[in-house]
Amino acid sequence: MFHCIPLWRCNRHVESIDKRHCSLVYVPEEIYRYARSLEELLLDANQLRELPEQFFQLVKLRKLGLSDNEIQRLPPEIANFMQLVELDVSRNEIPEIPESISFCKALQVADFSGNPLTRLPESFPELQNLTCLSVNDISLQSLPENIGNLYNLASLELRENLLTYLPDSLTQLRRLEELDLGNNEIYNLPESIGALLHLKDLWLDGNQLSELPQEIGNLKNLLCLDVSENRLERLPEEISGLTSLTDLVISQNLLETIPDGIGKLKKLSILKVDQNRLTQLPEAVGECESLTELVLTENQLLTLPKSIGKLKKLSNLNADRNKLVSLPKEIGGCCSLTVFCVRDNRLTRIPAEVSQATELHVLDVAGNRLLHLPLSLTALKLKALWLSDNQSQPLLTFQTDTDYTTGEKILTCVLLPQLPSEPTCQENLPRCGALENLVNDVSDEAWNERAVNRVSAIRFVEDEKDEEDNETRTLLRRATPHPGELKHMKKTVENLRNDMNAAKGLDSNKNEVNHAIDRVTTSV
């Protein structure tokens, strides 16, 4: 009986073999019979541990994929692959690249990422046809001083290494378009970085940079700049020269201001400045006419600039966890705004003009001090309106009411007015010895005063028959919290009691505090 064998075994002229994800432990023997014609060999994602001597007789190879194996050695015979154009040995266990790699003169794309390498061979810069080099996550401590000899290099990835400086010759890579230096230990960026005029993407996130050189403004073709997770205290005014920039990520730094030159970035689409120390945004940000996403989370902003209303393409605005006490009415000018988040601020009102942002679908105002919402919000087609962390549904049922201070029609619901945000345990523990501070932690004077407007005050006047006392005695009943607020208050005081009982050095106050809390929880 005859058995049909695979066509690629019959045909002696095979140019490509794909054996990825085949659980191979050894290189298949049948591959070698095609040594005269094989140009592409893909053995990625197997369990190969070594490359036999016979393997390097495949001298016609132009593309070799060996990534995601367990290869422990790259032999000097790699030099036999003189026609090799693409080599991927990423995510193996190769401790060293042989100097003989320099004989692979045709090599254009190489990926050595994810190996236990600590250095590149000195001969590496002789691979002058190399256009794309990836050496991410290999514990690389330094680059060859003559790396600038790779003058055809267009993409260089050096992410997640141990680099502390960049050799001067790096700036000779005049054709470089992508440079990824993220998650290293670089303290200074050389001024000569401004010579990389063809650079389009520059990643410097996760380093130790305290400043950027003025020369960075020379990168007229730069599209993406990521300098997040550094120690930047300021940005150079020359950043205004990055006229092609579309993405600017400067999150997690120490910035207190943004230069006015930001307004000259007319093509800027994404601006992320979260987790800094900004107290204000420059009015110039309103000149970034192409801005679609603005992230300002976790700063110290008190308000937003009026010019923000000029951002007609802005679709996502996030200013969570700041110190905002008000919003400009010009926010309604953001006619493309779909997501607006101002969670955990100090807002007491939302301007009615926000309803002019007719594309708004998500509004997150949880964790503020809002008394009510403007009636104009009913004109929006909201899909989610968040007022509380404990809100079970994205939309609530609202009632129309009247603001007795202004006479305006307003919206209210069971979650309004908002309670102030709950203090953290670390903030409470040092103060929990004082009973009055405990009360302050679970109530707010502003809430008590303003709640009167929601529920009429009830006064009980003592009978006039008591003529011996001429004083008029009254009992003022404050507004009763909604059921949801009562549960929140009960949970708050119970958590405080547990934290305080566990704290050391507070035994003397324990009975007094527990007694006070028991009275509160019992009434709830």
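Any Cβ shown, glycine's included, is placed from N, Cα and C.
Keep in mind that what you see is a predicted model, and the values were worked out from it rather than measured.
When Swiss-Prot is compared with the stretches 252-280, 484-512, the one noted as coiled coil is 484-512. The average pLDDT computed over the repeat 'LRR 4' (83-105) stands at 97. Of the ranges 35-58, 219-242, 244-264, 357-380, the one with the most Cβ pairs under 8 Å to the repeat 'LRR 14' (311-334) is 357-380.
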